[in-house]
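Positions annotated as [4Fe-4S] cluster binding site by TrEMBL: Cys3, Cys6, Cys15, Cys21. TrEMBL lists His241, Glu265, Cys309, Cys401, Cys429, Cys454, Glu489, Lys491 with the feature hybrid [4Fe-2O-2S] cluster binding site. The cysteine persulfide annotation in TrEMBL covers Cys401.
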Amino acid sequence: MFCFQCQESAGGTGCTIKGVCGKPHDVANLQDLLIYVLKGISFFSVGTELPEALDRRASVFIMDSLFATITNANFDRNVFVAKIREALALRDEVRRHWEEQRIGAAAELPDAAVWQADDEASFDAKATFVGVLATADPDIRSLRELLTYGLKGMAAYTYHALQLDHSNPQIDLFMRRALAATLDDSLTADDLVGLVMEAGKYGVEAMSLLDEANTGTYGHPEVTKVNIGVRNRPGILISGHDLKDLEELLQQTEGTGVDVYTHSEMLPAHYYPAFKKYDHFVGNYGNAWWLQTTEFAAFNGPILMTTNCIVPPKASYKDRMYTTGNTGFSGVRHIPEGPDGQPKDFSEIIAHAKRCEAPTELESGEIVGGFAHHTVTSIADQVVEAVKTGAIKRFFVMAGCDGRMKSRTYYTDFARELPRDTVILTAGCAKYKYNKLDLGDIGGIPRVLDAGQCNDSYSLAVIALKLKEIFGLEDINDLPISYNIAWYEQKAVIVLLALLYLGVKNIHLGPTLPAFLSPNVAKVLIEKFGIGGITTVEEDMKMFLGA
Ligand code: FSO
Ligand code: SF4
């Protein structure tokens, strides 16, 4: 195996024996093979007219498969074996249409378009040759992977939107075009940079689509105080990003005597009006994903993982863990899709909860959030006034991810050390590094404004564009906003590409720059966009504040 798609890649270069995330080498290889066959499907489908149902099936399959390979989502070998079989069948179905419509002499077909096998041993054997290292040139490899990881993040967001019946065929077509492009040896580094930028454009579209899906279905997030303590009844802890799963769980647990708590990236669900009517929707339990090995043990009840991030479960709670959607872990029970678009059946988890004790309290009190674009736009006058009077000197976008590296305490220290006339704009699980510090407010505006999940970074961009308009600025970079973003997995990659597409410059990314950026590709990002890393809190504070 060779995987370097996330921030925690071994030694800052790549995991080669087993993932730091816990991904076994065979699963890593099978994920590479699945992506390889997706490229074959994409090769045949670009420019080919497919019957509507097949076209839809291809789009959904590609989105679903890309998402399944994201860091920390699915560790189950059997899932990938099944998906590879499905991918091969789908590829050949698409190929038949490509053959019918092909004009002129056949060009040589790439191996990803023709390789065929059916048994697992052949999958395992082939998988070792089709991964990242199959591209020899380090810059082309870097750009192909940057593009692919952007697509994975994009696919996660379009998958969530699809759960709420929102889709955008243009995004789906781009995914195929971009995947097919990674097979094309005639493309130069400049061509690939162009595609990476285009991925940013479609990343904005994907986040906008999901924003429409979420707010159209559940209402606009409102400023909300979220309880971080517990009650004395048994509970179910729901983690990940999928609001539809949460909705169905809340409906099915109503009146059962079982409470529901959010974990990690599900916290922002409390901000949506649609979920406020549930009295048994108690609060948020615990912190960012990487602390789950201790916090899940203390929860005492069942835990439902709807998306990443899973840490390989400890024996103390493995039998209380459930996966659904695109998550999976061998030996952990999986809740399947409902039949014919019907809700999923969570009765097994509810029955399990009833046999469990109430959660052990980890902390008490409240945290506040719900500052997505609708809320912030509605208090825009107040914000603008605070900027004009100098009460707010600067905003710091500190969105992104949390992670287990010790060096991430930088973000807690940075938040604590920021001058009191600055405001943090956040989204994603990065917020757990400082959302329980009492950073106060500026004239009633909290100093940490949480927009929501990582996909709600879109809200931060909308807010920035709104402020640019109000202040009559030509350039988004003339706003008093600095970007000090933490990243972990591939959704953060698409968020970054989206910000670059929107013209945001001088983004600082930490705690380390991606291992998949070759020195030359990193140089392009630095020269063209002013991308930088982080150093020490003291030095960076001086750099950001120009002191
Ligand atoms: Fe990921 Fe980051 Fe949103 Fe966290 S981008 S790691 S668990 O913010 O989740 O998906
Ligand atoms: Fe390593 Fe990250 Fe890949 Fe897991 S996802 S194998 S930690 S680089």
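Using the three backbone atoms N, Cα and C, a Cβ is placed for every residue, glycine included.
Since this is a predicted model, take the numbers as computed values, not measurements.
Checked against ligand 2, the binding-site residues Cys3, Cys6, Cys15, Cys454 give Cys3, Cys6, Cys15 as the ones with a Cβ under 6 Å from it, listed in sequence order. Here Lys491 (hybrid [4Fe-2O-2S] cluster binding site) is compared against the binding-site residues Cys3, Cys6, Cys15, Cys21, and the shortest C-alpha distance is to Cys6. Ranking the binding-site residues Cys15, Cys309, Cys429, Cys454 by how many other Cβ atoms lie within 10 angstroms of each Cβ puts Cys15 at the bottom. Close to ligand 1, meaning a Cβ under 6 Å from one of its atoms, is not one of the binding-site residues Cys3, Cys6, Cys15, Cys21. The residues near the hybrid [4Fe-2O-2S] cluster site, meaning same-chain residues not in His241, Glu265, Cys309, Cys401, Cys429, Cys454, Glu489, Lys491 whose C-beta sits within 8 angstroms of the mean position of the site's C-beta atoms, are Ser264, Trp289, Thr307, Asn308, Gly428, Gln453, Tyr488, Ala492, in sequence order. Annotation for Glu265 (hybrid [4Fe-2O-2S] cluster binding site): spatial neighbours Ser239, Gly240, His241, Trp289, Thr307, Cys309, Gly428, Cys429, Gln453, Cys454, criterion Cβ-Cβ under 8 Å with sequence separation of six or more.
Here the CA atom of Cys21 ([4Fe-4S] cluster binding site) lies 15 Å from the CA atom of Cys401 (hybrid [4Fe-2O-2S] cluster binding site).
Listed in sequence order, Cys21, Thr71, Tyr488, Glu489, Gln490 are the same-chain residues six or more apart from Cys6 ([4Fe-4S] cluster binding site) with CB atoms under 8 A from its CB. Just so you know, the Cβ of His241 (hybrid [4Fe-2O-2S] cluster binding site) picks up 27 other Cβ atoms within 10 Å once every protein chain is counted. Here the binding-site residues are Cys3, Cys21, Cys401; the one with the fewest Cβ atoms within 10 Å of its Cβ is Cys21. DSSP assigns Glu265 (hybrid [4Fe-2O-2S] cluster binding site) to a helical segment in the three-state reduction. Ranking the binding-site residues Glu489, Lys491 by C-beta neighbours within 10 Å puts Lys491 at the top. Annotation note: Lys491 (hybrid [4Fe-2O-2S] cluster binding site) sits in a helical segment as assigned by DSSP. Mapped onto three states, the DSSP output places Cys429 (hybrid [4Fe-2O-2S] cluster binding site) in helix.
In the three-state DSSP scheme, Cys21 ([4Fe-4S] cluster binding site) is classed as coil.
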